[in-house]
Amino acid sequence: MSEERSLNFIEEIIENDLNSGKYETLITRFPPEPNGYLHIGHAKAICLNFGLTQKYGGYTNLRFDDTNPVTEKTEYVDSQQHDIKWLGFQWKNELYTSDYFDTLYEYAVTLIKKDLAYVDHSTADEIAALKGTPTEPGSSSPYRNRSIEENLDLFSRMKSGGFEDGACILRAKIDMQSTNMLMRDPIIYRIKHAEHHRTGNKWCIYPMYDFAHGQSDSIENITHSICTLEYVAHRELYDWLIEKLEIFPSKQYEFARLNLSYTVMSKRKLLQLVNDGVVTGWDDPRMPTISGLRRRGYTPESIREFCERIGIAKRENIIELSLLEFCIREHLNKTANRVMAVLDPIKLIITNYPEGKDETLIGENNPEAEDKGGTREIPFSNELWIEREDFMEEPAKKWFRLAPGAMVRLKHAYIVKCEDFKKDEQGNITEIHCSYIPESKSGEDTSGINVKGTIHWVSSKHAKNAEIRIYDRLFTVESPDAEEGDFKDYLNPNSMEIIKQAYIEPYLENADKDSRYQFIRKGYYCVDKDSTPGNLIFNRTVGLKDAWAKTNK
Ligand code: ATP
Ligand code: MG
């Protein structure tokens, strides 16, 4: 975190609350529903909740908000924990809303006993018809004035399985005339005969979000319950329930959710992409999930830096994907070792370098790192691969790379001069012939020759073959959610390009899974999880420059 920035509005509230002695210990929570993998939006909420207790002391709970048995899975619980830890945070307690089902049931009974809740047999349509509209008050359900005894009996029969799904619900008895639609006798319990990933078949009634969330906060003595702006209207109900139940007065605060351009963020939509096979899984490197970003080569530091830079606001907006890319580029610039890889190879033969001779050159790994990242050995010989685009038969103006008669420096090696080239019948260049200047070796150059261009290369005899996967934005429009029709209509058909025949330095042969490199002049790449020593696979994390901004704006 940068030290100089001013406090955000939540920090201001917390500082006031701690200074005034309202609370001694700050307690926050991160409450994901285990119905999918976490995404970059969740990262913002994680950085905020855990960041606050890192800054002000106290602690943060991880609470799985698992009140919907149908969509929740243990696989998601495990992946969510892994992602939070990977981001660099540690929760104090691992908790589950389902652990509170007994307490929540008792709370509902308390409300019934206070004549503040009732069992309603109306159908969903009937309930909707009586609910009114934002401009017209609602009216009472015929079941609203049941006796407390009758409600207690019915609710206990709901619990013991006496009713089918949807036969009745429990509603809070608040105010059908309220200007806040959520206060018009909201549903707090529903019947669902479904197996729960933790409580099995113990329950066939499940609390609604509004009845579970605030009460769970209160059970855990959460002081500041931070959520996104959609819940502003829920705050009145949040406070009402806590007040009527006379439990710990947790308080809810809302901030603007993160929206990122060229992607979608709801777990439901991401699940569709997975199920429809549009992507290879939740951790596809094109996904905005934390696992996808990790596989793409993002570092926890870069994601935390991104969350810090976007800050905490009270108004919705869309953050440019290029800012996220900027953050990873900055971090990798300082930490990733430089190596050479040729993605679109063409042969370069050095005609005056002895055939069969090998030479070992030394390359500095990272001129931007404090310790320069150490050095590595790079084999050199008379046959190299270079990038096809580094040669032009008829050079343009200001062309400083290879062309007939032109000179360039081979990175970490010698200056070469193009003497000749070969073409196949279709006119494609197949081979470039150069001479080299023996006195021009990098680091001990006495040739006195100045060249403007430096190109990368790999010795063909020593090179290893690698598959390279290059990714682009998943969608062609800035906010697929806001467009007409299905969001999937706006998928980018070219979001993945696979290069089967790239050549890399032998140094990379044993690169660790997840390790990250700068392929000189090409961008930042990481080893994919499917990579093996015999079948190397690299993912492009991000290019060296923001190419998109130039061509598309
Ligand atoms: P989704 O629609 O992606 O499933 P959600 O809000 O239903 O999102 P939860 O698992 O309930 O997902 O969210 C856990 C926490 O993460 C909540 O506190 C929520 O406010 C926060 N969160 C979710 N999405 C974002 C986002 N885009 N930006 C910031 N916080 C978010
Ligand atoms: Mg949710």
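Backbone N, Cα and C atoms are what each Cβ position is placed from, and that goes for glycine too.
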Request  = Check each of the ranges 32-42, 142-152, 296-306 against TrEMBL and return the one annotated as motif ''HIGH' region'.
outcome  = 32-42
Message = If you look at how TrEMBL annotates this chain, which of 89-93, 264-268, 449-453 comes out as motif ''KMSKS' region'?
response = 264-268
Request  = Output: those binding-site residues from His42, Lys44, Tyr209 whose CB lies less than 6 Å from an atom of ligand 1, in sequence order; none if no residue fits.
outcome  = His42, Lys44
Nearest recorded site to Asp65 (L-glutamine binding site) by CA-CA distance, among binding-site residues Glu33, Asn35, His42, Leu258 = Glu33
Note = Same-chain residues at least 6 positions away from Thr228 (ATP binding site) with a Cβ under 8 Å from its Cβ, in sequence order, are Ala45, Glu254, Phe255, Ala256, Arg257
Winner by Cβ contact number (other Cβ atoms within 10 Å) across the binding-site residues Glu33, Asp65 = Asp65
Ask   = In this predicted model, what is the average pLDDT of the domain 'Glutamyl/glutaminyl-tRNA synthetase class Ib anti-codon binding' (336-436)?
value = 95
Request  = Work out the three-state DSSP category of Tyr209 (L-glutamine binding site).
outcome  = helix
